[in-house]
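Swiss-Prot annotations:
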ACT_SITE  Glu113  active site, proton acceptor
ACT_SITE  Cys368  active site, S-methylcysteine intermediate
BINDING   Cys133, Cys137, Cys140  [4Fe-4S] cluster binding site
BINDING   Gly188, Glu189, Ser222, Ser245, Leu246, His247, Asn325  S-adenosyl-L-methionine binding site
DISULFID  Cys126-Cys368  disulfide bond
DOMAIN    119-362  domain 'Radical SAM core'
REGION    1-25  region 'Disordered'
Amino acid sequence: MSDSERTSLPLVFDEPRGRKKPPRHLADLAPDERTAYAKELGLPGFRAKQLSTHYFSRLVDDPDQMTDLPAGQRAELVAGLLPGLMTPLRTMEADRGTTRKTLWRLFDGALVESVLMRYPDRATMCVSSQAGCGMACPFCATGQGGLQRNMSTAEIVEQVVAGARSLARGEVPGGPGRVSNVVFMGMGEPLANYKAVLGAVRRLTDPAPDGLGMSARGVTVSTVGLVPRMRQLADEGIPVTLALSLHAPDDELRNELVPINTRFSVAETVEAAWNYAKVTKRRVSIEYAMMRGINDQAWRADLLGDVLRGYGDWGWVHVNLIPLNPTPGSKWTASDPADEREFVRRLEAKAIPTTVRDTRGREIDGACGQLAATEA
């Protein structure tokens, strides 16, 4: 890899100071906090439960449909607990309408994207957790855009609720349905926005009507390897799936592809992933974007297998190979299919379960690593 191909962006862990915060929303709050907040606004506490039912269970966004609320108070209640957070600017479709990428403008003008993917047996929502990203991975369009700000818990949840509405209303081919899976693999490094992401996970998994009532097993949180946060997440008691974006099994290459590796080595990062599996009893997914001539050599497959096998073969890990998706100006390309097959063969020879990701939304820049949130 030449010097011109390497990232020159710094790692950024904290959002810029002084940014105005999004409006406070029901989804930012735990159930007991909602009741207290309603009372702060001079409203009866039980109204918070009614609004939670409309938002999370009925997926209502029209105050006129909230007929159990006094007509004279609806506007006040909605403005106080369900303020508008995001405006859809554009929705693009692929895969005969079953993949939908939405560009959102947040209250302060920041742009983010989410992707809804419907399959015959499930519907997955890929959500953003930050506007931009500070992890500076050179092959990722989001990382090359830098970090604008963290998203709030409610802004994250609203992406899922909006997708759930689209499915419930039959707007996606296949008839009415529901969101079964959520992956934090959109824009941003989820564990760099830890508090808001954890709050969103709790809202997604809280039983209805306090939340969406999803199974924690249907939620995947990705990370490039913020080791202290990986350890913290393991102790939260929420058995979500952890996906580690590894992309290289050796420090020399990973330092270039995933700059956080200069802070936390491959050994430290994989050990934290193993610890997550040990504590939660949930299998960890190792994400590995296949780049032609960069990280797809057979010897690297062997090394990856050895690194993972070093922590035992008790089913703690699974490798998910991702054909590299093109991004504007990128000098990297996807691996040759023959090299990809050999990579899989070598990992499986070391008893590492391995799959190649079904790439959805590539033609609408909605696939892994392509989200850049531009209005162009």
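In case you wondered, yes, glycine gets a Cβ from its N, Cα and C as well.
Feature map: Swiss-Prot annotations on the structure.
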residue: Glu113; record: active site, proton acceptor; DSSP (3 states): strand
residue: Cys126; record: disulfide bond; DSSP (3 states): strand
residue: Cys133; record: [4Fe-4S] cluster binding site; DSSP (3 states): coil
residue: Cys140; record: [4Fe-4S] cluster binding site; DSSP (3 states): coil
residue: Gly188; record: S-adenosyl-L-methionine binding site; DSSP (3 states): coil
residue: Ser222; record: S-adenosyl-L-methionine binding site; DSSP (3 states): strand
residue: Ser245; record: S-adenosyl-L-methionine binding site; DSSP (3 states): strand
| Looking only at Cβ atoms, how many others are within 10 Å of the one on Cys137 ([4Fe-4S] cluster binding site)? | 23
| For the domain 'Radical SAM core' (119-362), what's the model's average pLDDT? | 95
| message | Quick check on the recorded positions: of Cys126, Ser222, Ser245, whose CB has the lowest count of neighbouring CB atoms inside 10 Å? | response | Ser222
| request: Sort out for me which one of Glu113, Glu189 has the most neighbouring CB atoms within 10 A, since those are the recorded positions we care about. | output: Glu189
| task | Mind telling me which of the binding-site residues Cys140, Gly188, Leu246, His247 has the densest Cβ neighbourhood, counting other Cβ atoms within 10 Å? | result | Gly188
| Do you know offhand how many angstrom separate Ser222 (S-adenosyl-L-methionine binding site) and Cys140 ([4Fe-4S] cluster binding site) by C-alpha? | 14
| What's the CA to CA span in angstrom from Cys126 (disulfide bond) over to Ser245 (S-adenosyl-L-methionine binding site)? | 15
| request: Report the nearest neighbour of Asn325 (S-adenosyl-L-methionine binding site) in space among the recorded positions Glu113, Cys133, Cys137, Cys140, comparing Cα positions. | output: Cys140
